[in-house]
Amino acid sequence: MKGRSLNAEDRARLEAAIGYQFAEKERLDRALTHSSARSGRAINYQRLEFLGDRILGLCVAELLFQTFSDANEGELSVRLNQLVSAESCAKVADELSLHEFIRTGSDVKKITGKHMMNVRADVVESLIAAIYLDGGLEAARRFVLEHWTHRAASADGARRDAKTELQEWAHARFGVAPKYRTEDRSGPDHDPRFTVTVEVDGIDPETGVDRSKRGAEQVAAMKLLEREGVWQKRSAGN
């Protein structure tokens, strides 16, 4: 969807998909508006995304705390990072077909595809914030539980911290320590994207992207461990 707002039919279809009816329809429009859709009032989802990220983290942390009563802080953190990642949020967006409703400028060709994963993830967080502002925390929590409870149950929390695992594996296999290098930092200050490369002498490097430097390091380490067969690669449904 390009610059136009939702019509009544589209709004009803989307509200049915997400299981929530907005009292203030403008909140839903804002949550779906990418910064490239330059309207006269320059309304977009960036501020909502900032809030939605925190609400999602709270609701998922609460879910994990209640579900995995025997898990320690480290395991809970691993599970949390998996569940609130851009990849997980983008999968929720795809399940809801949000790409059909996102408002963009004419210079944005398409929202689908891996290279636009962050946009779809951002819209999910913005949608959570819009629901929170319109209906309160309980409404936002219901949405999160609907789409994250089964993910929490299937998340591979048994995995250790990826950087720790890679450190020990690289030392045992090659007698060296991994080296991490920050390749790029992009995005606005409130929502940065870090690109980090991890190198282990003797094998090809891997690159990770995340909203924090540490997160990007973890993603890069995880990808290398999966590529080398140290960790089993997670299925697309998890």
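Just so it is clear, glycine is given a Cβ too, placed from its N, Cα and C backbone atoms.
Cβ neighbour count for Asp53 (active site): 22 (other Cβ atoms within 10 Å of its Cβ, all protein chains included). Under the three-state DSSP scheme, Asp53 (active site) falls in the helix class. Taken from Swiss-Prot, the feature active site covers Asp53 (among others).
Sequence-distant neighbours of Glu125 (active site): residues of the same chain at least 6 apart with a C-beta under 8 Å from its C-beta are Leu48, Glu49, Gly52, Asp53, Leu56, Cys89. In the three-state DSSP classification, Glu125 (active site) falls within a helix. Annotation comment: Swiss-Prot describes Glu125 (among others) as active site, evidence class sequence analysis.
Swiss-Prot lists Glu49, Asp122, Glu125 with the feature Mg(2+) binding site, giving sequence analysis as the kind of evidence.
Residue counts for the compositional bias 'Basic and acidic residues' (180-193) by DSSP state, with H, G and I taken as helix and E and B as strand, are 0 helix, 8 strand, 6 coil. According to Swiss-Prot, the compositional bias 'Basic and acidic residues' annotation covers 180-193.
Per Swiss-Prot, domain 'RNase III' is recorded for 11-136. On the 0 to 100 pLDDT scale, the domain 'RNase III' (11-136) averages 87 in this prediction.
For 161-230, the entry in Swiss-Prot reads domain 'DRBM'. Note on the domain 'DRBM' (161-230): DSSP counts are 28 helix, 20 strand, 22 coil.
Cβ atoms under 8 Å from those of the region 'Disordered' (180-215) belong to residues 46, 49-50, 53, 81, 85-86, 118, 122, 166, 170, 174, 221-224, 227-228 of the same chain, restricted to positions at least 6 beyond its ends. Residues or ranges marked as region 'Disordered' in Swiss-Prot: 180-215.
Each of the binding-site residues Glu49, Asp122 was scored by the number of other CB atoms within 10 A of its CB, and the lowest score belongs to Glu49.
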